[in-house]
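> Handing you a structure now.
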Amino acid sequence: MKSPRTATLCLMLIVIYSAKASLNLNLETIVHPLILQEWELADEEPLRPKRAVATGSPAAEEFTVDVEIRLENASFLEPIRAYLNSLSFPIRGNNTDQVTDILSIEVTTVCSPAGNEIWCSCEAGYSWPRERCLHNLTCQEQGSSLPGHQCSCLKEVPPQGPFCQPQRADVTLRMSVRLNVGFQEDLRNTSSALYRSYKTDLETAFRKGYSILPGFKWVTVTGFRPGSVFVTYEVTTTTASPELMHKANEQVMQSLNQTYKMDYNSFQVTSNETKFSVMPQVIFEGDTVNLTCENEVLSYNVSWYHIERRFDIQNSSRFSISTTVLNNMTSVSSLTIYNITQGDAGEYACKLILDIFEYEARKKINVTSIQIWATEEMKVICDNNPVSLSCCSENNANWNQVEWKQEGKISIPGTPETDPDSSCSRYMLKADRTQCPSGSSGTTVVYTCEFISPHGARASKDIKVTFISVANLTITPDPISVSEGQNFSIRCISDVSNYDEVYWNTSAGTKIYQRFYTTRKYPDGAESVLTVKTSTREWNGTYQCIFRYKNVYSIATKDVTVHPLPLEADIMVDPLEASVPCSGFHHIKCCIEEDEDYKVTFQIGSLFFPAAKEVTLKQVCYRHRLSANSVSWCSKTVEVFCHFTNAANTSVQSQSMKLNLVPGKNITCQDPTLGVGEPGKVIQKLCQFWGSNFSTYRKVGFGIVHVALEEKQERERRKRCHRGKICSIKQVLVALIRSPSQEEKLPTYLQDLSISTDLVKHEILSSPGSLGAIISILDLLSTVPIQVNSEMMTHVLSTVNIILSKPTLNTWKVLQQLQINHCSQLLHSVERFSRALQLGANPSLSFCQANVQMSSMVIRSSHPAAYEQRFVFSEADLWGNIIIDKSQLESLEPDSSIVTVAFPTLQAILAQDDQKRNFANSLVMTTTISHNITTPFRISMTFKNNSPSAREAKCVFWNFSLANHTGGWDSSGCHVEGSNEDNITCVCDHLTSFSILMSPDSPDPGSLLGILLDIISYIGLGFSILSLAACLVVEAVVWKSVTKNRTSYMRHVCIVNIAASLLVADTWFIVVAAIQDSHYVLCRTACVAATFFIHFFYLGAFFWMLTLGLMLFYRLVFILHDASKSTQKAIAFCLGYGCPLAISIITVGATQPWDVYTRKDVCWLNWEDTKALLAFAVPALMIVVVNVTITVVVITKILRPSIGDKPCKQEKSSLFQITKSIGVLTPLLGLTWGFGLATVFPGTSLVFHIIFALLNAFQGLFILLFGCLWDLKVQEALLNKFSLSRWSSQHSKSTSIGSSTPVFSMSSPISRRFNNLFGKTGTYNVSTPETTSSSLENSSSAYSLLN
């Protein structure tokens, strides 16, 4: 190509033509007539096929020719463009060549001078090939094309081409046009003839018109819609400029039949040529996002929309829209969204409008929140060790920056490290004591890591770091130097309060048992105090106080020096007690089992005597020959002590030796071992010194021998010596309890105890002391361990098997006679060992001997199996089962151990309960769990029934807190689920030692008799409550009619209070009984309250009965004394309610603090522990006796009146009613509670239970009948109150004869009914002397005081 510098303007044309016959085309003959004369044809490019290469077939092929035109005058550019646009294509060739048609001629490239440079720009629809843009210089002013796009302007024309090329990407134009014809519904139906006709005609016209578009491929009608008729169709092409589109539309109008009436102005085009890009592609909340629409159409008319929110986006603080044109041919519109949120997510659309063209593009964007992961809380120890804080983003992004900040009272900076590949950042800290002193220990500093994206998004995460200062320990500064037996303590103080563990070690690394030290935490520190109450030589050494936090240890040490000194219990004295003649002498001695350098003296009062030392078989004794002449206390008893003083000048005093100084004439017996004595005296001597030779004491044993002195001989009264081996173990055990390394030595001691018990098992049969010592040793050992292994448990059970053998039961009885509760002690020891048992890797452990069996199981975390164990003792003919459901085991902590131990002979030792009524006759089974349980835990047990004839079986457990913590059987939380002749099944809601108690006397609650008694009680109490309520109603109705004199008034006051008291008491009683019979657990406080009110109101009924009797006695006996009504009422209420209240309060105050006010199974006064029931029974029986006595006196007084005693008719009637009431009510009440008291004692016949239930249940009915309705005045008042017209005559008659018709007369209708009720058929006529009104006013009459 020639240089265009000689020309002002250079054009490149592209000519597309088709040829059928020959490819040798002479363009000059075709083009020349079309071009102005002064245009110069510069060059011709060779032909290049546009479509398929020609073959031998006569089909036409399209070719493209690039033509370069140089012009000196730049003004010719627009006329050329206008001329080319005015041409109609195709242009047919001349007559000489009929096979060539020119399809299109377009300007592609325009080169024009720009200063000293030539700029070549592409026309619309054309662009430089990509390789030219990469290897040639682009124009500076218009070369700013978007990355990845073809450029539209180059500096200088490429010498070898290619030039600007058509942008050949297919474009689908969605177009529409209106036909001004009426819309028919058949146009909706794609299969209708009308639709097919319209579609065919229109597509034919469209193809003819749009074939002039460069790269035209196809056109398709897609449908019709009403509004006249709108035709929608799609055109597929490569270039669609507005000019060409208008020409094509004109061609369509010309090709279409005029009957369609197409509206030229209704053409609309929607193109998909717009390129939509989003930056960044991954969008985070807070990013600044750029949305760019690019279209090679020159237009500034661009709009942006949010599709989902139907929001027309305008410029604002968060949205910015800018539209520019690049290279005069490309429109670029950008939407910038600042600080984008998830609410901004969705589909966005940009729309560019040019002429009839609408260029729209859509893009959906997603906004992701930045997720930062980090450990939110950390604890860092200020020990100068590096610690890494880490933040990681869950979003895989190329983070621009990660910033770390801190905020807190202390400043501890670090070094950030960011790993871009892992999206993580670390912050390395290195804190020392200077940065976090002890006063700031526990201070929290908040470190914040913030991730920043390249486009501005930020997300942060806080990490709370608590800095823990290394503990600075201060230990007791003073040196610790003590003697054996003394106490000491070491105080270790930390200046920080944060720690995981505090413990003490010996210098050898042995942990001190936790019982020896306590630890307390304060806001600004902590302290641990090691306290040794009784030091031994094992405490001699160095001790370490250790505060541990994670893997950091703070240690302080202290040396302890313990000087040897025997303990008081280790000093053996001889004699314990002896008689010494006033003129003689006696040998006294103190012995220990160690040879140390002690200074030993004997003390008598204020006198001290030296001691002589002698060693015998590792035993060291200190003797003194005491002369009675050296003291002046003849005929007196003196106490002698020996003092041991060590190198630290610390002394210990032995127990006293009592010397009875007696005159020589009183001494009648003398013995080489015992010395001298008086007849009838009892002396005590240690078993160690009981024998001819002290060296044999290990064979004799330990303990005390009591010897009675008789005339010229001694008699051994009581000997409680036990074997030396057992006692030696016990003594060493005492030292073990005081030792700092208990757990290490415990297995050896348990083994020694098992071996020693087996060696002396025959001697245990005759030595209660040895048996008691073994039990005491087991009890002490059980308090030591935190964990017990299988070997240790085997040694324990081997020892238990020996001491629970049948031959030892007689020895157990001796211990029980001494009231030493060794059986409860033994049971508690076994439970403690079982609870501490750790099975480790063993899933179960079993032990089987004749007198004890054990089974166990470990609860695994995954699918625990049910716990089922069976124990069979063939020799004892006993068996039992334990079952714990799987559902119960699932609530336990993983790896918990369940251990059950069964004893066949322990039931004989724990035979009776504390009431001495029930006896145990089954296995005793103890079940424990290694971890504490706080919720009810259901356990089912089945025992063999060895007493099928017994009427009642109780499921019980051994309650160690009963009987002043000596233990006893308790049934709380246990009940019998089923029983037959072979076995009894018990269910309990807790764990401990269980058995069953059999009672031969009381009825079985499930038996027919027990059910009958319950029915009688409930029905009778129901009748009583209704009767008492009716009694109170009747009294309220007739009150004014029957209380006209003092005697009647006080009588009815007493009856009302008796009824009210019994009504409240019976109501409380039946409510509590119903709750307990329904197996509901009544809380202890409610049970105490119910018992108090039942007790109070029942006593109130009795004391009001007593008040009624005393009032009658007063009115008839003390006739010359007249008290006012108010005085009588005050006395009555004080007696009726004051005395019961005082008794009730004293009873509850004396027993409730020890939780023995009520019974364990029912809400009523305790009988077993405190005999609190006597606080009701004694007052009730005393009142019954008093009322019976008063009744006898009153009846005698009425039947045999004194001379001059003429009470008025009204008063005598009242007195007679009182006498009836007392005579009837008191025996009934007395008999009721008399039978009730009889049922308390063992061996009571079942008849008493039935009589008591009947009388007590219908007690209220008796009060209504005999205390209220039997009263004649009450009857008359009721008749007067509720009289009907038909009763008026009878009422007047009864009024006239009322004074002559006594209550026992058969003429009285109500009395007749009651007499018939009791089987009385005769008539009782009681003559009553008539009294005139004047006699009522005679104040000199003895009975006038009754008015």
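A Cβ is built for glycine as well, from the same backbone N, Cα and C atoms used for every other residue.
Checked TrEMBL, it gives:
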DOMAIN    167-274  domain 'SEA'
DOMAIN    274-366  domain 'Ig-like'
DOMAIN    471-561  domain 'Ig-like'
DOMAIN    843-1004  domain 'GAIN-B'
DOMAIN    1013-1271  domain 'G-protein coupled receptors family 2 profile 2'
REGION    1327-1347  region 'Disordered'
SIGNAL    1-21  signal peptide
TRANSMEM  1008-1034  transmembrane segment
TRANSMEM  1055-1076  transmembrane segment
TRANSMEM  1096-1118  transmembrane segment
TRANSMEM  1130-1152  transmembrane segment
TRANSMEM  1172-1200  transmembrane segment
TRANSMEM  1221-1241  transmembrane segment
TRANSMEM  1247-1272  transmembrane segment
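I'd like these features described in context: how deep, what's nearby, how far apart.
Among residues of the same chain six or more beyond the transmembrane segment (1008-1034), those with a C-beta under 8 A of the stretch's C-beta atoms are 1055-1056, 1059-1060, 1062-1063, 1066-1067, 1069-1070, 1073-1074, 1077, 1246, 1249-1250, 1253-1254, 1256-1261, 1263-1265, 1267-1269, 1274, 1278.
Sequence-distant neighbours of the transmembrane segment (1055-1076) (same chain, 6+ residues past either end, Cβ-Cβ under 8 Å): 1017-1018, 1021-1022, 1024-1025, 1028-1029, 1031-1032, 1035, 1082, 1087, 1090, 1093-1094, 1097-1098, 1100-1101, 1104-1105, 1108, 1136-1137, 1162-1163, 1221, 1225, 1259-1260, 1263-1264, 1267-1268.
Long-range Cβ contacts of the transmembrane segment (1130-1152) within its own chain (Cβ-Cβ under 8 Å, at least 6 residues beyond either end) map to 1050, 1053-1054, 1057, 1088, 1092, 1095-1097, 1099-1100, 1102-1104, 1106-1107, 1110-1111, 1123, 1165-1166, 1170, 1172, 1175, 1179.
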> Helix, strand, coil residue numbers for the domain 'Ig-like' (274-366) per DSSP?
3 helix, 55 strand, 35 coil
> Over the domain 'Ig-like' (274-366), work out the mean pLDDT and round it to an integer.
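Mean model confidence (pLDDT) across the domain 'Ig-like' (274-366) is 87.
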